[in-house]
Amino acid sequence: MEPPNLYPVKLYVYDLSKGLARRLSPIMLGKQLEGIWHTSIVVHKDEFFFGSGGISSCPPGGTLLGPPDSVVDVGSTEVTEEIFLEYLSSLGESLFRGEAYNLFEHNCNTFSNEVAQFLTGRKIPSYITDLPSEVLSTPFGQALRPLLDSIQIQPPGGSSVGRPNGQS
């Protein structure tokens, strides 16, 4: 029997604050944050992410965010591209529809964590998934929550998952 093909799985991590969180969080929140994290999963030569427009894909580093600030090796998977795209399609029709997006409770990091576990059985780093509760645990975070709840984030540069890399 042939050994299964293994495909690398990477977590792309972007600091949406471009360093401002590191400098301003002690003053505004009373605690140090290293960044405001956006994440995506790179597998099968594409980058997949979730925002207010639903699940999208692009070539790795192909959003207007540019190259990631860091790359985490999540592991490898035996899941083929065909099965993975079917899985994403089902997620896009259920858990990860665009209207389900919520900056604090159901965001790009929730998606990356779900997909990483499906592909590799591993979670993404807790410093990323714990960020919303860290912010909301501060008086400033609670005061800003109504405003922040109305924010919808969709990194430009991707296409809907039904059309990887913008192909129809």
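Cβ coordinates are placed from backbone N, Cα and C, and glycine is handled just like the others.
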Range annotated as motif 'Nuclear export signal 2' in Swiss-Prot, from 34-48, 124-138, 139-153:
139-153
With DSSP, how much of the domain 'PPPDE' (7-149) is helix, how much strand and how much coil, in residues?
59 helix, 37 strand, 47 coil
